[in-house]
Amino acid sequence: MVATDPVRVLVTGAAGQIGYALVPMIARGVMLGPNQPVILHMLDIEPAADALKGVKMELIDAAFPLLRGVVATTDVTEACKGVNIAVMVGGFPRKEGMERKDVMSKNVSIYKAQASALEQHAASDCKVLVVANPANTNALILKEFAPSIPEKNITCLTRLDHNRALGQISERVNVHVSDVKNVIIWGNHSSTQYPDVNHATINTSSGHKPVKELVSDDNWVKTEFISIVQQRGAAIIKARKLSSALSAASAACDHIRDWVLGTPKGSWVSMGVYSDGSYGIQPGLIYSFPVTCEKGDWNIVQGLKIDEFSREKMDKTAEELIEEKTLAKSCLN
Ligand SMILES: NC(=O)C1=CN([C@@H]2O[C@H](COP(=O)(O)OP(=O)(O)OC[C@H]3O[C@@H](n4cnc5c(N)ncnc54)[C@H](O)[C@@H]3O)[C@@H](O)[C@H]2O)C=CC1
Ligand SMILES: O=C([O-])CC(=O)C(=O)O
């Protein structure tokens with residue numbers, strides 16, 4: 001067996017609920033595969049220092065074979081040193097009755113500050129995934145305040161929404177979730193996101209069939225389905241009195257795994273990435289697109305036919321991102 005150098009993975013907000021679900025997944029190989037050793041860097045703030053210490057103790061107690069070291073710190077410089085992957089979860093979650101942009105002023109200033117630490121101390125090819133809300137706009141702020149990190153390396157999480165869409169289709173048609181593919185989440189990780197099944201298929205005993213044909217209810221696809229996915233985060237908060245954690249952690253692993261190891265042939269995933277103007281979306285926004293990944297790089301799927309209904313929804317969520325960008329900048333002034 002060839003010895004593999006450990007990959008350093010930073011998780012910010014590691015003492016929080018997503019962090020608590022995420023770090024054991026990373027240490028078990030869920031994110032980077034069963035043969036890839038990891039060193040976990042965990043950052044949280046001073047009031048959470050004891051809880052963070054406790055998480056480190058539990059990681060040691062779990063005796064994970066792939067875990068080659070743990071850095072648990074409240075010092076952002078120490079946390080960022082040499083990291084190859086940064087999963088940015090640190091921040092404040094929304095509570096019942098709030099929109100995700102309501103946590104904007106608290107969270108964007110964190111991303112401005114941590115951008116410089118990553119820029120100065122992370123590995124030069126570090127891949128960044130922003131999870132904390134408002135995820136797209138936090139990623140945009142991070143990109144703007146870390147100009148030397150290549151824009152292709154800064155992404156945000158919409159894979160949870162993508163997985164939620166797969167889950168809803170699988171329940172509706174009564175098929176296994178892994179037989180559903182190529183849904184798309186366009187735009188913002190917010191209630192304006194557009195979950196689109198126009199190009200999605202289901203693997204059946206007689207080949208891949210369009211989701212729309214098997215659902216056979218256009219009205220459901222255009223109304224209830226979209227709003228269930230858009231509102232799923234709020235529904236979880238209502239039920240748990242806390243926002244999604246295990247599904248968010250799992251989606252973060254899916255996002256990084258596919259980015260690093262590649263998407264399966266013939267299928268794509270949704271990632272919040274830097275817009276190059278594809279599909280008429282303003283360049284420079286961090287917008288969720290369908291992407292394929294290969295050799296550690298993502299590429300936006302090109303050439304999909306966009307009907308009028310989709311166009312309107314894709315533009316509406318882009319408009320919200322433009323508004324969020326202005327709001328974020330005013331919070332930082
Ligand atoms: N993009 C997505 O799909 C999802 C995003 N989220 C977002 O993820 C974020 C974290 O959620 P939870 O883990 O549930 O929240 P949480 O409150 O349980 O944990 C957040 C942690 O971040 C820490 N923190 C605060 N400021 C920090 C800073 N400057 N540096 C490092 N750590 C800091 C807190 O001390 C806390 O331990 C929230 O913003 C939430 O809205 C949650 C679910 C899905
Ligand atoms: O809804 C929230 O505030 C947490 C989140 O982003 C999600 O569950 O999608």
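Residue numbers in this text run from 1 along the chain shown.
Placed from the backbone N, Cα and C atoms, the Cβ positions cover glycine too.
According to TrEMBL, the domain 'Lactate/malate dehydrogenase N-terminal' annotation covers 7-154.
Under the heading NAD(+) binding site, TrEMBL lists Gly13, Ala14, Ala15, Gly16, Gln17, Ile18, Gly19, Asp44, Asn107, Val131, Ala132, Asn133. In the three-state DSSP classification, Asn133 (substrate binding site) falls within coil.
The substrate binding site annotation in TrEMBL covers Arg94, Arg100, Asn133, Arg164. If you take the C-beta of Arg94 (substrate binding site) and look for same-chain residues 6 or more apart in sequence within under 8 angstroms, you find Arg100, Asp102, Val103, Asn133, Ile237, Ser243.
Taken from TrEMBL, the feature domain 'Lactate/malate dehydrogenase C-terminal' covers 158-328.
Secondary structure at His189 (active site, proton acceptor), taken from DSSP and collapsed to helix, strand or coil, is coil. Within the same chain, the residues at least 6 positions away from His189 (active site, proton acceptor) whose Cβ sits under 8 Å from its Cβ are Arg100, Asn133, Pro134, Ala135, Asn136, Cys156, Leu157, Thr158, Leu160, Asp161, Gly272, Ser288, listed in sequence order. Taken from TrEMBL, the feature active site, proton acceptor covers His189.
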Query raised in the report: If you measure Gly13 (NAD(+) binding site) to Arg164 (substrate binding site) at Cα, how many Å is it?
Result: 23
Query - Nonlocal residues around Arg164 (substrate binding site), in sequence order (Cβ under 8 Å, 6 or more apart) - result: Pro195, Val229, Arg232, Ser247
Report task. Could you tell me the maximum Cα-Cα distance in Å between the residues recorded as binding substrate, namely Arg94, Arg100, Asn133, Arg164, rounded to a whole number? Result -> 19
Query raised in the report: Which residue, out of the binding-site residues Gln17, Asn107, Asn133, shows the minimum number of other Cβ atoms inside 10 Å of its Cβ in this structure?
Result: Gln17
Query raised in the report: For ligand 1, which among the binding-site residues Gly13, Ala15, Ala132, Arg164 have a CB under 6 Å from it?
Result: Gly13, Ala15, Ala132
Query raised in the report: Which binding-site residues of Asn107, Ala132, Asn133 contact ligand 2 in the sense of C-beta under 6 Å?
Result: Asn133
**Report entry** Close in space, distant in sequence - Ala15 (NAD(+) binding site), Cβ under 8 Å, 6 or more apart
**Finding:** Met42, Asp44, Ala48, Ala51, Leu52, Gly54, Val55
